[in-house]
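Undergrad: Handing you a structure now.
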Amino acid sequence: MNPVKHRFRYIVVFLGLACLTSILSNYIIINFTFICMKDDPTGIETTENGTIYNRYDYSVAEKSAIVWAVAIGTILGTGPINYSYVRFGARIPFFIAGIVSAFATVLTPYGAYLGLPYLLALRFAQGLAYSADFAAIGIVCVRWAPLAQTGLFISILTSFSPAATVMTNAASGWLCKSSYGWQSAFYVHAAAGFIIFAAWLYFYNDDPQLNQKVSAKELTTIQKDKTKAHIERDSFVPYWEICKNRVILTVWINSFFEMTTLILLLTYSPIYFRKVLDFSVVETGMLISLSAVAHMPAKLLSGWLSDRQFLSERVRMWFFNTSSVGLAGFMCVSLAYIPVSWKYTSVIMFSIVYTLMGTNCGGFYKCGTFASRQYAHFVLAMIQFMKCIALFAAPATVAIFVSDESSHTQWGHVYILNGLLMFIANILFFPMATDKPQSFTFVTRETIEEEKKKHQFA
């Protein structure tokens, strides 16, 4: 008896985590390499009037544009990618997204050398690939997660953000200062991406019942307590009914403010650690990785705990959403009031915020998945869309409040604003949280056709 066939769902979920991590890593590499690109002597140029500049030393506005290029690509890609998942499943569309991301990554150093427009085009391509991430989480959860392990699966799959942060910042920090230069960070990540997505194409299948690597016992575990509509793959989705549901709207609001703050910290913490807290390049890479390292254990532990029956499902959702959105928002505000001289205290507080955010899988994520059941892929894809908007919102708040990247006070305004918005979003979650399937989950292709027949014969 092959034990792998009885646990194949775990191979799928961890392979999915590796793929999600690869795509995110590919686009966040540059957040760290910004701090060493500007010192690259190969980028030094002289203008016609004799002014010396470095082509890799980007202004605050240019850095914001580089981040926004990803956001634009993600926004424009979310709709087509979501449609392709509904129409064709996740296997081929996600594979294509991964290959596009890897190619864009390996070409990034050359694009940066050619000039900002070329770099922005490659960042746009990375955004298109990144739009595939959250819908993939939804598809894998809907198709492969037993209902009793929903929290665990969400926690594993959504761990790609801390996983990418820890590995990419540490690796990029070392590669930047190595003899291979900052360009090698992009080449190494791209190579890993090609390998990981080749494995995805080989192992993954959208239908567990058609996968020869899945035993009958494993299939029974995966499909236990699921409805026929949940098990069968259908391209029908009641979009309008979902979009006007108050529970789902609250889930999206919480995801938006939580993700805006997370993106803010992930994107700008290298700059904050280097220019405000005055750490060295290598120290910055290691400290950021260490500050984010507790995020993944917190996410996995909270996912496991959220599936335990020690309290009602709704109370557990309240608890985990309060820790990941409400309390994390309060701690984010506190960053503004820690003196610059207490720089290791700031590092610890960053770590606390990251850790608290890691418990979100038991809050709004689980609420959205339970409430939408077979349509969870669309709800989670829209969380990706919220993240697209957040990719604009986070740099926008920095552009509004921060003109001097070394100013602790200016960064404090950004932390206060984002923290307060998270706290408010968490308050809205309390009356809306539920584990019950919403009315739109009973709207299927069959019910629509039956309704049409009734009207025809009425």
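Cβ from N, Cα, C; glycine included.
Quick caveat, the model's predicted, so the values are computed rather than measured.
What TrEMBL records for 11-437 is domain 'Major facilitator superfamily (MFS) profile'. The feature transmembrane segment is assigned by TrEMBL to 12-35, 65-85, 92-112, 124-145, 152-174, 186-204, 251-273, 285-306, 318-338, 344-365, 377-402, 414-433.
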Undergrad: Give, as a single whole number between 0 and 100, the mean pLDDT over the domain 'Major facilitator superfamily (MFS) profile' (11-437).
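TA: That stretch averages a pLDDT of 86.
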Undergrad: Which sequence-distant residues neighbour the transmembrane segment (344-365)? Criterion: at least 6 residues beyond either end, Cβ under 8 Å.
TA: 151, 154-155, 158-159, 162, 250-251, 254-255, 258, 261-262, 265, 269, 273, 277, 287-288, 290-299, 302-303, 305-306, 316-317, 319-325, 327-328, 331-332, 334-335, 338, 380, 383, 429
Undergrad: Does the transmembrane segment (377-402) reach the transmembrane segment (318-338) with at least 3 CB pairs under 8 A, where each pair is 6 or more residues apart?
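TA: Since fewer than 3 Cβ pairs under 8 Å link them, the transmembrane segment (377-402) and the transmembrane segment (318-338) do not come into contact.
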Undergrad: Ranking 124-145, 152-174, 186-204, 318-338 by Cβ pairs under 8 Å to the transmembrane segment (92-112), which is first?
TA: 186-204
Undergrad: When you scan the chain for residues with a C-beta under 8 Å from the transmembrane segment (65-85), skipping those not six or more beyond its ends, what do you find?
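TA: Non-local partners: 27, 30, 58, 93-94, 97, 116, 119-121, 123-132, 135-136, 138-139, 267, 377-378, 381, 384-385, 387-389, 391-392, 394-395.
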Undergrad: With CB pairs under 8 Å as the measure, which of the listed stretches 12-35, 124-145, 251-273, 285-306, 318-338 comes out on top against the transmembrane segment (152-174)?
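TA: The stretch with the most contacts is 285-306.
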Undergrad: For the transmembrane segment (186-204) and the transmembrane segment (318-338), check the count of CB pairs under 8 Å (sequence separation 6 or more) and say whether it reaches 3 or more.
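TA: Answer no, regions not in contact.
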